[in-house]
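Annotation comment: Swiss-Prot describes K30, R44, Y56, Y142 as substrate binding site, evidence class sequence analysis. Taken from Swiss-Prot, the feature Mg(2+) 1 binding site applies to D66, D71, D103, supported by sequence analysis. According to Swiss-Prot, the feature Mg(2+) 2 binding site maps to D71, an assignment based on sequence analysis.
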Amino acid sequence: MSYSKIPAGKDLPNDIYVAIEIPANHAPIKYEIDKDTDCLFVDRFMATPMFYPANYGFIPNTLADDGDPLDVLVVTPYPVAPGSVIRARPVGVLHMTDEAGGDAKLIAVPHDKLSVLYKDVKEYTDLPALLLEQIKHFFENYKDLEKGKWVKVEGWGNADAARAEITKAVAAFQK
């Protein structure tokens, strides 16, 4: 599969495609899809034994502030297989900075055509408060045992802020 051939979405910035690298609740292994080969590589075994609280991946054909495609967490009822592409709707963004600079994490839910379970979720605040705390806690702590790495969570942004991140990342990729 060539992820470069997958558009960023069907109706940007409201309807996006996300290439999943790490399924929700998976073992603490950081996978990354290599942009040159389109292969799923083991990036590292995470030193801090934590699992991603939602499916983790990126929007193809985008470029975020950290020089990588825009990161997305997709909340689903079940873990999604690594390498899969899922159609989703952005509902928020977790603003963060790490040792490499700005590192926003979009929060999304499956498009209504995939599941009606999230049809009433329009903003990240419509998700369970505990899940939001788990996401924040994960990113505040998942690099704790890795020397030279750190994360500072700066706060949440709404669906409009998430859509603005998408628009900016698509424009940056097209430059």
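The backbone N, Cα and C atoms fix where each Cβ goes, and this holds for glycine too.
Rounded to the nearest whole angstrom, the C-alpha distance between D103 (Mg(2+) 1 binding site) and R44 (substrate binding site) is 19. It is 13 Å from the Cα atom of K30 (substrate binding site) to that of D71 (Mg(2+) 1 binding site).
Counting only the Cα atoms, the space from D66 (Mg(2+) 1 binding site) to Y142 (substrate binding site) is about 18 angstrom. When Cβ neighbours within 10 Å are tallied across all protein chains shown, the highest count among the binding-site residues K30, R44 belongs to K30. A C-beta separation below 8 Å, combined with a sequence spacing of at least six in one chain, links Y56 (substrate binding site) to I20, E21, I22, A24, D71, V72, L73, V74.
In sequence order, M46, T48, M50, V151 are the residues of the chain that are 6 or more apart from Y142 (substrate binding site) and have a CB within less than 8 Å of its CB.
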